[in-house]
């Protein structure tokens, strides 16, 4: 019959009375004998098709054999529906198509689940039949949203003179805290490529090449233990620039994000974004990626309780720890003793040995530990800005445990108490990061971001004397409590890079072995440079209003790093392994 | 000093008299004592900086210590050069910068080669110092051209409602004629992912998902023996559509290519492109990717010489072969007997047992075999459209050898005789491909394109009875003798796909094992679909006027699949291998 003239979902009043050709899938069919209705679906939406003997006996006869998910070509005329049967749930609901010609382009078995939003089916089944899952309008829309985002990102960066440059996927392992995926070389037996955890060094080399402004929307690979928002492969918006200060990099990043929000969600963000020092974020929110859409801030009561007769509190402080508390405003009556015990269980996962609590009533503090705070009750109430009906929750421990546990508790309570305005996009910069973190297990410093991060100019002297005190020229961008991305100014001189490797415990030989090519490169006129990398999957997930990046990836892996559709990874032939000069020491059942 | 106000290469008369800030690399320095000239380079070009004591004594003093490839920040004023010292070789040659402030942002050792176009240095050295090699203006421009191309491609496809969708890089092996790169799974010992040779099956699944129009600029991986225009990883412009005929897919591909040529080279192509059947291309040019910018077509003289007393000719025809010839117009005097012997050596690589020749003189044919053609001389001259001064070159062999050897000879002669208009972009569609090729060694048919290609409707019946006779709904796009890309309509029903696998010699079990997920998918309402894939590296190489795709890849591998910069692939630790449950059976020295 010929070319499609319209998408189903785009049929509008402008087409009233016109002949059109549609191609799409049968969403639903209702057979009233001499009258058959079909909802025909394509990626843009759904429209109702009507068959009856007046329009075409032949078409009606064919329509009788049609089932769900058959692929049809329809020729017909756009007409208005009667007022009584207008369907306000779909964009085309005031119209329908009188069909006088139909061709079945393909048949379909009954799908294993309904092709509709909010379907109740296991994630693995959805992935096994991903081609059906992606037909569901919300999934199609998620993928279109993702494309609109990358389009918007590219337009912005293209307009700003960035050069989109591809970097290799078969490359050398760069230790950045996660395991590498390795690829055995056939040509060089016993040797391996690594899939990149990020193109960090290549983008720095491109700055050395004078490219000035680079970007790439690029796949990255980390063989990590999987969690809800992690995948073996993920996509990064990777950016690097020369000659810019952190503030300039942050400024264009804000413009970029604002454009994406505007183009895809019609949301106007207010620039510049809020900035917060790392130390302040940890202190106030117990997190380096706080969700600032709600309060429940951590209050340090250490001063107040350091001489308390409640030994759990005073003891923690004596041991160099702290006591902090959250005021769950007006929640005293919502949490029973049992509920609070459950919160105690929750924080124990983060290492907290207990969760102390007090309820504020008209006549003072109540609860098992209230007796210890008779004298300090008023001061405590004032410090916590508490009033009758509030629930105060305390953790006393070493500082990292206090922050981790109360930070997590804060997030949990924020959701439970409905304090979060889900319509808001709260962007936040976390700045003034420490350069290094001490790894107790390894008994050495590790890079808080990566080993190429530039220290604050004023702290460079400390790198050799007191490395734990050095701050970095680094900045993370947070959206609604998720780390959307991070960046830094990089080291551009060999001597400083060598000092950094030394601070990280590399011997001269190890540094040379792993990063000799970078150290050599830094001797040939590298410009001052820095950049940022943003997680596209997580960004798309947040704009799609989802809680797992699988919802915005066309063909994701499941929690066991397996693709239920293709069944990758799979066994391969001995001949293939032999050509690669490897064999396997263990085969899983 | 602050922000860069301009790129060096963009300094224009509009800025005369203004104060500017530049950041760039020292291309060249001339020290005339109280007067120092520096050519400062950034990615956009070069401008001359002048230091003298009048502008600033301090700046002059610093300039004395400056060497090639130092990174500078310059503050100064744009002035006109004196007429006598205008440099017409650079865009900014009528201007210069009076510098009154300079900061050395970084120093540089003397580079191992000059940072200029056309430098004579080995490819491996260029790759080892790729950050310096990419500073050379032609390389920077190649990378910018590549970005302009992808930008142009994306704009076209975005405007045409294509959805840019990412497909997995960690996936299952799909046999498409080349070796897979494998990635051992840590979570599933003994199991492997494969890096995709192309996203062929995923793009088909996206059509099954109703995406209708998909594209992706995507990395592909083939562990093949390397040649000049091959790399272990390469980039494909990957496109798939539903419900379109081959002609419609070809039409938008032409528009896409025309837009790229216009946007990047300012060239207006004439649409539609020339089309040629596969059989005709082989017959006339001895190639399925002919360069049609010049003649030298193959002429079939089999009929004429089948009863010749020259047994090499008549014998070849008796054995089912053919005799074809090229007329190298006017070249008789350019090729000595020794030169022609060398051509004979050349064609022997393609299996030809010999290269017969005749020179045409005023009084007839000359050469060692002329005596066999006394009677047929006139007919031969007429058939070859020959005249005095022409050189006729013959191959008599089985047909495939005749075509391969004369096809290669034609390309060689085209270049040697200067017949090629290098300014032309000659696009050509090769259509009407055979579906299958017989593999003599394996004693079975293999897919000429891939196993998912749709046969011509009229030939489907032959698939089970005479598969070698089946033609495909396939089309390749050729540019200047290079295969730029290829595509086809795909099979969208299970029963036909099963017949195809059977014709390729798969047992039912093998087909199920390797492609079960596709066969299953085809039962759930797959639309008619088809697409195309274009090689971005090769396309960029041709637009850049280069002969190796390494010239348009930022960080390529060398001929041994090694990156001389990072030295990937490399040895890895036993601990890494042990975690992956593999060990190596051989270590290269």
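Using N, Cα and C of the backbone, Cβ positions are placed for all residues, glycine too.
Within the set B:200-203, B:204-207, B:208-211, the record from TrEMBL flags B:200-203 under the feature region 'Aspartate'. Going through B:216, B:231 against TrEMBL, the one listed in the ATP site together with B:222, B:223, B:224, B:483, B:535, B:536, B:537, B:538 turns out to be B:231. The Cα atom of residue B:538 (ATP binding site) lies nearest to that of B:222, taking the binding-site residues B:222, B:449, B:490 as the candidates. Taking H, G and I as helix, E and B as strand and the rest as coil, DSSP gives the region 'Aspartate' (B:200-203) the counts 4 helix, 0 strand, 0 coil. The DSSP secondary structure for residue B:490 (L-aspartate binding site) is strand. Comparing residue B:490 (L-aspartate binding site) with residue B:224 (ATP binding site), their Cα atoms are 25 Å apart once rounded. Residue B:222 (L-aspartate binding site) is 15 Å away from residue B:536 (ATP binding site) when you measure Cα to Cα.
On the 0 to 100 pLDDT scale, the domain 'Aminoacyl-transfer RNA synthetases class-II family profile' (B:145-556) averages 95 in this prediction. Following the DSSP three-state reduction, the secondary structure of residue B:538 (ATP binding site) is helix. When every Cα pair among B:222, B:223, B:224, B:231, B:483, B:535, B:536, B:537, B:538 is compared, the largest distance found for this ATP site is 19 Å.
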